[in-house]
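K.L.:
Just passing along the structure, written as structure tokens.
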């Protein structure tokens with residue numbers, strides 16, 4: 001470093017006159033001229049009042065090196081473009097300034113490498129302040145900078161790291177983590193400092209935050225500066241530390257952070273609902289078994305429906321000559337259902353106990369409405385099979401043509417793996433809580449349920465009276481029923497093992513219903529993943545992008561998020577209501593559900609009058625979708641007991657056989673393999689009003 005270089009105020013104006021604005025080459029020469037000079041911040045005791053020794057901030061040096069040198073570094077590190085960009089901005093600003101255009105003048109003030117030239121002018125006009133720095137401190141700083149310069153031609157390193165070090169010294173508490181090691185190791189490890197400093201330096205010229213930093217006063221000034229200047233320096237250092245951190249973070253980490261944000265801890269869900277998980281239960285059984293009455297009584301006993309409403313229904317039922325039906329009217333809401341005393345649609349209701357939240361799906365028991373029942377069963381976690389103990393009614397429901405057997409089979413096919421058999425109407429005069437009648441009912445049904453695949457542990461029997469409420473919330477009175485000491489229905493449901501939920505799986509919601517109400521609203525059960533308000537989804541098989549505008553839970557209340565296993569209504573944007581159909585699936589755009597027309601499946605034929613061969617067509621119920629399907633090829637017959645595949649393809653299939661076949665649908669249908677998502681990979685085949693087969697998708701073709 002040459003000792004004869006001193007700060008000269010007049011020299012500054014000469015420098016800027018000599019600097020050409022018109023030619024990039026001349027500008028570069030000018031840069032080189034200053035690059036050859038190791039540094040411009042020699043100490044002179046006489047110029048202490050107006051000289052800032054750090055050489056990086058404020059005054060002539062800050063203006064000159066912060067602007068020129070900072071710009072030059074960007075030119076050499078980031079390539080010619082960065083340099084050119086700053087240069088053009090300056091050029092535009094300069095022209096604007098010449099034309100006395102105020103807007104252009106602002107640009108001149110705010111952009112390019114010449115920021116600090118203005119800063120110099122402003123400083124010049126301000127009253128001179130006393131700025132002191134001890135000789136020892138200054139020499140320490142000079143030594144550090146000399147060390148950085150020693151073996152390398154890294155004038156740019158000294159300049160950029162100097163800025164960083166100055167700031168680190170001034171306000172360590174606001175500095176980023178990277179800057180702190182740079183400050184502590186500045187003398188010992190120049191290489192480390194270089195690493196730390198580079199990310200910040202690369203962005204210096206482009207970022208207003210960094211430019212701001214260059215104009216802030218140096219540490220020496222801090223002791224004697226008024227509060228106003230001090231307050232200016234803090235935000236600058238804060239914003240600069242942000243720049244440094246942002247630059248040094250790898251791009252991929254953004255994705256990781258996003259994934260972590262999207263992940264939902266099960267504990268969070270517990271906190272949100274007070275530790276209560278959600279269970280969907282479906283009431284199934286033959287017509288007139290008492291499903292709706294029992295559902296209505298549960299709502300009344302749990303306080304979901306108040307006494308006034310029930311009293312009102314009782315009066316209305318009495319007036320209509322249907323006195324005993326008033327509890328079922330809580331579930332059956334339309335006139336046709338009330339006048340005929342039978343459910344047509346799948347009724348939905350919600351109740352809550354101390355331990356869990358429940359959605360009741362009240363399935364129609366009539367033969368004509370089996371497809372509605374299948375749609376309901378596909379959304380349920382637990383099945384409640386209601387059978388009537390009344391003489392004649394049980395037999396009608398259980399015999400061929402009755403819905404008790406078919407509902408139990410359909411529930412199993414749709415993934416309802418736990419079934420509670422509720423023997424209802426035990427208080428009827430023809431029964432009178434008789435143990436013999438109860439045993440008679442459960443023996444035949446138990447054998448049938450085991451035959452269709454229910455494990456012994458997954459079947460529970462209990463006697464109740466849906467009308468009086470005995471055995472529903474409280475246990476049955478021992479005086480009436482001394483032979484049964486098991487739990488009541490709600491007691492059992494509350495203490496049942498918790499369901500497994502894929503809260504962090506890819507989002508999938510098969511649409512079970514749609515409506516128009518100030519926008520498009522769809523409803524269904526979330527089979528996998530979770531959704532937040534404002535989230536983006538994909539509608540399959542349309543491949544339409546959807547935005548979730550609002551989420552409504554079981555109680556019709558708006559909420560911010562919904563999770564796997566919940567019954568929800570979503571208000572969506574991006575598709576019209578007429579373009580939706582039950583069976584469409586809202587899915588995650590990152591891992592969408594598959595859309596298929598041809599697949600391989602394992603099929604068990606449960607009821608078939610004739611035989612089935614290639615070309616046979618029937619109706620397939622898959623989650624909430626209903627689609628016509630054709631047998632393209634029967635590939636293998638499976639042996640009973642061992643499930644061994646036959647080498648030759650069978651010519652036909654008949655009742656009781658298990659086969660592997662290739663099926664084809666007319667339209668694209670959303671599905672997954674049974675192994676990946678059981679709820680979206682199992683199906684039922686129906687023909688002429690009866691369930692002929694059940695199956696699971698083994699391969700998508």
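One-based numbering along the chain as shown.
Even glycines carry a Cβ here, placed using N, Cα and C.
As annotated in Swiss-Prot:
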BINDING   285-292, 362-366, 424-427  GTP binding site
COMPBIAS  1-25  compositional bias 'Polar residues'
COMPBIAS  26-40  compositional bias 'Low complexity'
COMPBIAS  41-54  compositional bias 'Polar residues'
COMPBIAS  170-224  compositional bias 'Basic and acidic residues'
COMPBIAS  228-252  compositional bias 'Polar residues'
DOMAIN    276-501  domain 'tr-type G'
MOD_RES   359  phosphothreonine
REGION    1-63  region 'Disordered'
REGION    20-131  region 'Several sort of repeats'
REGION    91-124  region 'Disordered'
REGION    132-271  region 'Charged'
REGION    164-259  region 'Disordered'
REGION    285-292  region 'G1'
REGION    341-345  region 'G2'
REGION    362-365  region 'G3'
REGION    424-427  region 'G4'
K.L.:
Rounded to a whole angstrom, what is the C-alpha distance between residue 288 (GTP binding site) and the residue listed as 'phosphothreonine'?
P.N.:
21
K.L.:
Using a 10 angstroms cut-off on Cβ to Cβ distances, just flag whichever of 363, 426 is the loneliest among these binding-site residues.
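P.N.:
Lowest Cβ count within 10 Å among the binding-site residues (363, 426) is 426.
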K.L.:
What number of additional C-beta atoms lies within 10 angstroms of the C-beta atom of residue 366 (GTP binding site)?
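P.N.:
Other Cβ atoms within 10 Å of residue 366 (GTP binding site): 17.
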K.L.:
What three-state secondary structure does DSSP assign to residue 288 (GTP binding site)?
P.N.:
coil
K.L.:
Count the Cβ atoms, other than its own, that fall within 10 Å of the Cβ of residue 285 (GTP binding site), considering every protein chain shown.
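P.N.:
Looking across every protein chain shown, the total is 27.
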K.L.:
Express the distance between the Cα positions of residue 366 (GTP binding site) and residue 359 (phosphothreonine) as a whole number of Å.
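P.N.:
It is 22 Å, counting Cα to Cα.
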K.L.:
For the region 'G4' (424-427), DSSP counts of helix, strand and coil?
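P.N.:
Per-class counts: 0 helix, 1 strand, 3 coil.
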K.L.:
Going by Cα-Cα distance, pick out whichever of the binding-site residues 285, 291, 426 is nearest to the residue listed as 'phosphothreonine'.
P.N.:
291
K.L.:
Out of 291, 359, give me whichever of these recorded positions has the highest number of other Cβ atoms within 10 Å.
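P.N.:
In terms of Cβ crowding, the pick is 291.
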K.L.:
For residue 288 (GTP binding site), just count the other CB atoms lying within 10 A of its CB, please.
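P.N.:
Residue 288 (GTP binding site) is surrounded by 18 other Cβ atoms within 10 Å.
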